[in-house]
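Annotated features, as they stand in Swiss-Prot:
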type	residues	note
REGION	19-43	region 'Disordered'
COMPBIAS	19-29	compositional bias 'Low complexity'
MOTIF	58-86	motif 'Q motif'
DOMAIN	89-271	domain 'Helicase ATP-binding'
BINDING	A102, K103, S104, G105, L106, G107, K108, T109	ATP binding site
MOTIF	211-214	motif 'DECD box'
DOMAIN	283-444	domain 'Helicase C-terminal'
Amino acid sequence: MSHEEDLIDYSDEELQTTDAAATTAAPAANGAQDKKGDLTVSGGRPDKKGSYVGIHSTGFRDFLLKGELLRAITDCGFEHPSEVQQVCIPTAILNVDVLCQAKSGLGKTAVFVLTTLHQLEPVPGECSVLVMCHTRELAYQIKNEYARFSKYLPDVKTAVFYGGTPIQKDIEVLSNKESYPNIVVGTPGRLNALVREKKLSLRNVKAFVLDECDKMLDQIGKQAQIAHMRRDVQEIFRATPADKQVMMFSATLSQEIRPICKKFMRNPLEVYVDDDTKLTLHGLQQYYIKLSESEKNRKLNELLDSLEFNQVIIFVKSTLRANELDKLLRECNFPSIAVHSGVSQEERIKRYKEFKEFNKRICVATDVFGRGIDIERINLAINYDLPADADSYLHRVGRAGRFGTKGLSISFVSSEEDEKVLKEIEKRFEVALPEYPEGGVDSSTYMA
């Protein structure tokens, strides 16, 4: 079987999904429950002595992390951990499994990056940490987070593997003991291909992490590519030792997906947002505009001309629409780029870096950028095409207003289907989205 037959392109979320299961926090069958602000916390392995729920830290030093990690954290300018970091890290560093749902932009990635780096004792030629996510861009971003926090840990080697690039390059990295990574980040299709070919050994894995876990494990009512992804995750999981730490994270975890996640775990610490309304993003102003399909381009042009913003991400539902809209914007002298699965992997990473490094201020994207991508200067998100469900909406608009900062989102509503989704969003999050005011919005209310 060729390598390419194993590589399914999961990274574009353009096929519209139809279900958006309600997400409400339920206490675990085992363990007490503790409310901390927006979070519901429960569980933790019973074989561990004491209770770690409710540990509150005012600074990262209180976590007793390695000195090298604290230096890197200081270099990044971080002073105080977010609430999800306060709740998760003290328990996670004790090797307890973690299932965490927290809204976008609150530092979930740092939970597993800092935890695994703190626990890691690198052995040359051995992979100890395996992190999987559903898109190549997110994998690339996570790898960069590991690089950022391991800058004072010179013996730690990290590599990222995903489809769309020659697999031979990955094999070369894994064939050299000097470059063999202690931490592997990647997408399930490519990782499973490397495991099947016996190029990547997982027999020494001590930490198994899924970021945006619901996207990889939920196959009920979803497109076939999600089912393939779940199959790959299961095969990879079986290739790892039974005794390991498992951590899973997402901004949305429905009641249906939680039991599936927990099948991979042993008595995990469970951290959930109290209820769906808490999933809305504080500091992010959200509006909609009713208009016809033919009016979208003119209205978008008006918004980009009139609104102040640092960077804007514009979501569309297909690669074709992304290309056409990007072309139109550039013809109107807007500094735009497009990111979607139709672009080669090398070019996608190049464009991602251009946008991340503020060389471009406008990005037209499909849902490939809808989850997990953290670009701190984005403070405006526009749904040129409304997504198919409330969960996708939350992930999209969460690109603006990261880590509790201010932001603005505007959604175009142009069809009966859009109106149904809008009502679903309002019902799900118990919020009435206002119509965008004719006079516009005061920039001081969403510009940091």
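Each Cβ is built from the backbone N, Cα and C atoms, and glycine gets one as well.
Remember, predicted model here, so these are calculated numbers, not experimental data.
Between the listed binding-site residues, namely A102, L106, the fewest other CB atoms within 10 angstroms of a CB are found at L106. Remark: of the binding-site residues K103, K108, the most isolated position is K103 (fewest other Cβ atoms within 10 Å of its Cβ). Here the motif 'Q motif' (58-86) has a mean pLDDT of 89 out of 100.
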